[in-house]
Amino acid sequence: MASVKEGDYQALKEEIKKIMKQPGYDDGSAGPVLVRLAWHASGNFSLVEHNGGSNGAGMRFPPESVDPANAGLHYAISFLLPLQSANSWISHADLWTLAGVTAIEAMGGPQIPWEPGRLDYESEQAAVEHRGDVSNRLPDGALGAAHIRDVFGRMGFSDQEIVALSGAHNLGRCHADRSGFDGPWVVNPTRFSNQYFKLLLRPIWKPRQWDGPFQYEAIVAGTRLMMLPTDMALIEDPSFRPWVEKYAADQNLFFKDFANAFGKLIELGVDRDDTGFARLAKKAAEEGKPLDKTAPPAGDETCPVSGAVGGGVQRAAGGGGCPFMAMQNREAKL
């Protein structure tokens with residue numbers, strides 16, 4: 001695996017695209033599982049407890065690594081390991097999220113806002129100390145609308161954002177040996193589109209008669225497709241359904257809203273200081289110490305990630321200088 005110049009994220013994205021080709025894996029592509037890795041690494045955030053989220057790459061350690069909801073994600077992590085080893089200057093947390101947005105773009109989806117600055121927990125002890133137990137926070141496909149709102153509402157997402165994010169089911173498939181469910185949602189599960197919403201609205205879905213958990217099925221273009229109870233809840237709920245209909249009718253609208261919602265998702269838990277790096281606010285508060293801001297704010301140089309100039313870089317989690325420039329003066333470790 002090739003190494004790239006430190007901070008050259010565009011070159012790194014090209015390397016990520018290369019490792020997406022996995023002939024021996026699902027449908028020949030690692031793309032969908034890379035998106036799932038970014039999603040699950042971020043989707044355990046809590047606004048109430050203010051923990052979880054993409055910072056730290058906590059899934060490298062228990063309890064996240066053994067959370068049943070994360071079953072199968074070791075494939076995504078292993079696909080990225082050679083790239084991580086060749087480019088140790090990037091944190092796991094940044095690489096996982098960058099891989100997710102790169103995969104979406106490479107599979108025909110929208111460009112997702114992304115910026116570096118996430119840090120890695122150095123040990124299981126550090127992960128537990130700063131993150132706590134964030135298990136049982138991801139969606140359960142067997143449940144309904146109330147559960148979906150509870151899970152996504154904990155992260156601060158609206159009904160519209162919930163439906164937009166559900167469009168990630170355009171990608172990949174379920175596995176009986178992981179979630180218990182089985183099959184893809186769409187005919188081409190390695191191409192990002194609004195096909196999921198179009199199929200969801202078609203009156204073709206019937207309960208599958210099998211030994212696994214309850215799910216729906218339909219045969220489309222000779223392919224057995226499936227929908228989960230959480231998917232069907234989107235057309236049964238009077239607030240969710242209008243957004244399903246809008247996204248089925250307008251792929252450009254879906255792409256725009258998905259990009260905004262996914263960009264928000266991968267920033268959850270990334271509490272940045274004015275250098276652009278995630279900070280250990282909890283640790284600093286507990287120890288009564290000031291936050292570590294050893295790198296000076298960027299001046300008038302151009303950020304190689306966003307193209308913004310120096311202190312003009314704006315983020316979902318707050319403003320500050322370019323995180324890449326700050327990276328030159330600070331070790332990306334917690």
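Placement of Cβ uses the backbone N, Cα and C atoms for every residue, glycine included.
The following features are taken from Swiss-Prot:
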ACT_SITE  H40  active site, proton acceptor
ACT_SITE  W185  active site, tryptophan radical intermediate
BINDING   H169  heme b binding site
SITE      R36  site 'Transition state stabilizer'
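Cα separation, R36 (site 'Transition state stabilizer') to H169 (heme b binding site), rounded: 10 Å.
Less than 8 angstroms from the CB of H40 (active site, proton acceptor) sit M59, A69, N70, L73, L138, each of them six or more residues away in the same chain. Around the residue listed as 'active site, tryptophan radical intermediate', the C-beta neighbours below 8 angstroms that are at least 6 residues distant in the chain are H169, N170, G172, R173, Y196, L199, L225, M226, M227, D231. Cβ neighbour density within 10 Å is lowest for R36 among the recorded positions R36, H169.
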